[in-house]
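Visitor: The structure's right below; bear with me while I get my questions together.
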C-alpha cells in the first residue's frame, strides 16, 4: 500500500473554516481600533492649540485662525496650524478670543475619517468664567478619546 502524501479535502476545509472564524472576529476588532485611534489623533491635533490660546489671552491679545506671524500692531497671534493640517478633518476656532470674556471653542470635524467617525466632532471649550477647558465629542461612547466626554 502507498503512503499518503498531502492533505485530505476535509483537512483543508477545516483550515479554511478556522481562518474564516478568525477573520470574522479580527476584522471588526481592527475597525474599532482604527476608529479609536482616529479620535485620539483628532484630539492630539487640537489639544496643543490650548497653549496658543492661553498665551494670547495672558497677553491680552486675540487669536486668529490659520498660520502666519504675530501682529503686534493688531495684538494678534495666529493659531499656528492650518485648518486642514490633519488629513482626518478640519480645525476651527470660534470666536476669535480677545479679552477672555467669551467662551472659546476649538473644534475638530472628522471629514476624512473612516465610516464610524465620519462627520463626528471633537470640541474643546474654554469657559471664560473659570478658564477651564472641557473636551466633548459626539462620537460613539466606545470611540471617544480619554479625557473627553459625550
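From the backbone N, Cα and C atoms, a Cβ is placed for every residue, glycine too.
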Visitor: Can you check which of 7, 108 Swiss-Prot annotates as N-methylphenylalanine?
Guide: 7
Visitor: Between residue 135 (disulfide bond) and residue 7 (N-methylphenylalanine), how far is it from one CA atom to the other, in Å?
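Guide: The Cα atom of residue 135 (disulfide bond) is 57 Å away from the Cα atom of residue 7 (N-methylphenylalanine).
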Visitor: What is the separation, in Å, between the Cα atoms of residue 148 (disulfide bond) and residue 7 (N-methylphenylalanine)?
Guide: 53
